[in-house]
Amino acid sequence: MVAKIRIKGKYYILIIILLTFLKLWLVMGQSMTAIGNAGHDDRLFLNLSNALLSGEWLGSYNNLTLAKGPFYPIWIALSFISGLPLLISEHLFYIFSVWCLAIALKPIMSKRMICILYVVLLFNPISYADGPMTRVIREGIYPALTLIVISSIFGLFIRRDEKNFKLLWWSLVLGVSFSCFWLTREEGIWIIPLIIGVYLFLFLSIIKQKTLTIKRIFFLFLVPIIVWAGVVGTVSLINKAKYGVFNVVEFRSNDFVKAYSSLTRVKVDNWNPVVPVPKEAREKIYQVSPLFAELRPYLEGKSGENWIKSSERKTGDIEGGWFMWALRDAVSLAGYYQNGKTAEHFYKELADQVNYACYIGELVCGPERKSMQPPWNKEYFKPLMNTLVDATKYFVSFSGFSATSSMSVGDENLYKLFDDLTNNNKKSIQKQVLISGWAFQEEQKITLQLVNDSNEPVDSKITYSESEDVFQYFLNQGSDFNNAKQARFQILAPNYGNYTLNILEGSNIIGQVRLKGTNNLEADKLHVYIDSVSVDGNLKQDKIDSLKIKILNAIGKLYQYLSPVMTALAIVITLASLYLTVRKGLLGVLSIASILLLGTILIRLGILSMIDVSSFPAINVLYLSSAYPLLLFYIVISVAYIPDIVKSFKKPSS
C-alpha cells in the first residue's frame, strides 16, 4: 500500500512537470505587442529599465521618473541581463508563483488536490492573455507577485506550530514578495485586509494554544515588517539621494495627493462623474491660486487638448484617468520639475492656496481631504452597484480573454528599444501580415474588415490612400468611376492563421475575398484586387505558432464555460462553511482561506468598479489580472473542503 502511494506521488510530480513544459511550449507561440508611443506605460517602463542598465538608477528627473513603481523596470533589467526573452521570464515567474502556492498548501491538502490546484492555476487563461502577458506592462508580473504574497501568508499560517527556522523562511518570502508587490503598483492596499485577516487568525490561534513567545512574535510578525521596511526604505533613500524625494512613487507623496485632492474638492454647477476637475472648476481656481494660474496655458492649451482627445468617454473635458497626468505635464511645462524638492514644494504651495481659498469662501468646496479618489457623491451609488454586478459577471466568466496578441503600434525606430530590452528573438515582437491592394464599388462607398477563420473581426490597422492609377485604368476602359480615385488600401494585422477580407456597404457584407489563393473579386459593380500579402517571419513556424494560439484560446474557452458554474458552487460551499462555523463552531484552514480570498476578490472588484464610474474604464482583463489566480484558488480550495463539510454535517452540534 505504501509503495502504491509513492508511485502515485511520483505520477503527480510527472504530470506537473509535463504540463508545465506543455504550457511553456504553447506560450512560446505568442508574441509581444510593441506599443512604441505609450510614453506613460510600456515605453516608460523600458526607458526606466534602460536607465537602470546604464547605471543611472531611474534616469534624469522629470514628471514621469517617480510616477510608477520601480520594480517592473528592475524586472525588465534583470530579465535582460539573464538573456531570457521578457515574455518567457514573466511566464517562468508565474509558474514559480503557482509552485509556491502548491508548496505552501502541501501540509493540509492531498497530493491529488495539490496537483489539481497546480494545473488549474497553471493554465489560468489570464496568464497568457493578450494585454497582461503580451505587452511590456507591469501586469505581466503582478498576478505572480499577488500569488506569492498569498502563498507566503498562508504558508506561514499553516506552519505556525513548526520550528522557528521554517517560520523564518516563510516570513522572509512574505517580506520580500510584499515589498516587490508594493513597489510594482500604487494601489497595493487592496491586499492588506487579507494579510491582516490571516494574521488575526494566526494571533488568536497562538493565544489559544498558549505558545506566544518573543521568538514567535519575531519570526511570525516582525520579520516580514522589517524586510518590507528595509526594501522600501532603501528605494526611498536612493530616490532621496538622487532626486531629493524620500518616496517610492510620487502618487503616494503627501504633497501631490494633497494638491490633487484640493482641486477635486472644488464644487461646480454641472457635475460630471468622470471629470474630477472640470473646466468650470479650473477657471474658478485660476482666479484665486497664482500657482494654478501658471498652469492655465498648458491645461487649456495644446497639452490639455491632447489629454481631452485621449480621454475614452469623449466628454469634451479631461477625464479622471487622465487629469493626474495632465496636471503633472502642466507642472513640468511650467518648469517645476527641475528636481524633486521643487516639484514637492510646488504641490505643497498649490494645496495651501486652494485649501485657503476654500476656507475663506472664495471657492465653494467640499470637506478637506487627502485622496486620489474623487469626493463621494450620492449619484455614484446606483451606477456603482450596477457596475459591480457587471464587473462580477465579466470577471467570473473570463470575458475579454484572448490569447491572440494585438497588433503592434509605432514605427520602426520606436520598436528598437522594445527589440533590445525584451531580448527580442523571433517571438518577442509580434510578426505581422501586410495586405496591399485596392477596392471600390462603382456607386457606393465601401469599408473593409478583416476576419479570422471563426468570422471574428481581427485587430488590424487599415490605411486608405489615393489611387489615380486605378482611376486611369478604368477610364481608359471607358468607365469613369469617381470612387476609384481613393481605392488603395494597406492592412496591417497580427500574423495568425488565414484571413478573409470582408467588403461592407454600411453594415452589410457585399463581398468577401479569402486571402489564401484568391487575389481578386468582380461582382455587382464591386472591384477588389489584392496586390500582395507579405508576412514577416518563417511561414512553417507561423503555422505551428498559429496552432499553439488556437490551443490556448480553446483552453481559455473551457475556463469561460466552467468558471461561472464552479464559482457558484464555491459560494454555496462558503455559505455552508459559515453555517457550520456559527452552528457548530467549526472553522478550518481551508474555510478561513476561502472566506478571506472571496473578500479580497470583492475588494478588488469594488475598487475597480468605483474607478470605472468615477474616472476611466477599469473593468477589463488588464486591471483584473491579479484577481484571477485568487478566483481559481478560491474555487479549488472550496471544492477540496467538500469532504470536511459533509463530515461536519453528520456530526452532532457541540
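Cβ coordinates come from backbone N, Cα and C, glycine included.
Please treat TrEMBL annotations as automatic predictions, because they have not gone through curation.
Going by TrEMBL, these are the annotated features:
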- 12-35: transmembrane segment (TRANSMEM)
- 74-101: transmembrane segment (TRANSMEM)
- 113-129: transmembrane segment (TRANSMEM)
- 141-158: transmembrane segment (TRANSMEM)
- 167-184: transmembrane segment (TRANSMEM)
- 190-207: transmembrane segment (TRANSMEM)
- 219-238: transmembrane segment (TRANSMEM)
- 558-580: transmembrane segment (TRANSMEM)
- 587-607: transmembrane segment (TRANSMEM)
- 627-646: transmembrane segment (TRANSMEM)
The transmembrane segment (190-207) and the transmembrane segment (587-607) contact flag, 3+ Cβ pairs under 8 angstroms: yes
Same-chain residue ranges lying at least 6 outside the transmembrane segment (627-646) that approach it to Cβ under 8 Å: 97-98, 101, 105, 109-110, 113, 116-117, 120-121, 124-127, 143, 146-147, 150, 395-396, 398, 563, 566-567, 569-570, 573-574, 576-577, 580, 588, 590-591, 593-594, 597-598, 600-601, 604-605
Candidate ranges 12-35, 113-129, 167-184, 219-238, 558-580 - greatest C-beta contact count to the transmembrane segment (74-101) (under 8 angstroms): 12-35
Contact ranking winner - 113-129, 219-238, 558-580 against the transmembrane segment (12-35), Cβ under 8 Å: 113-129
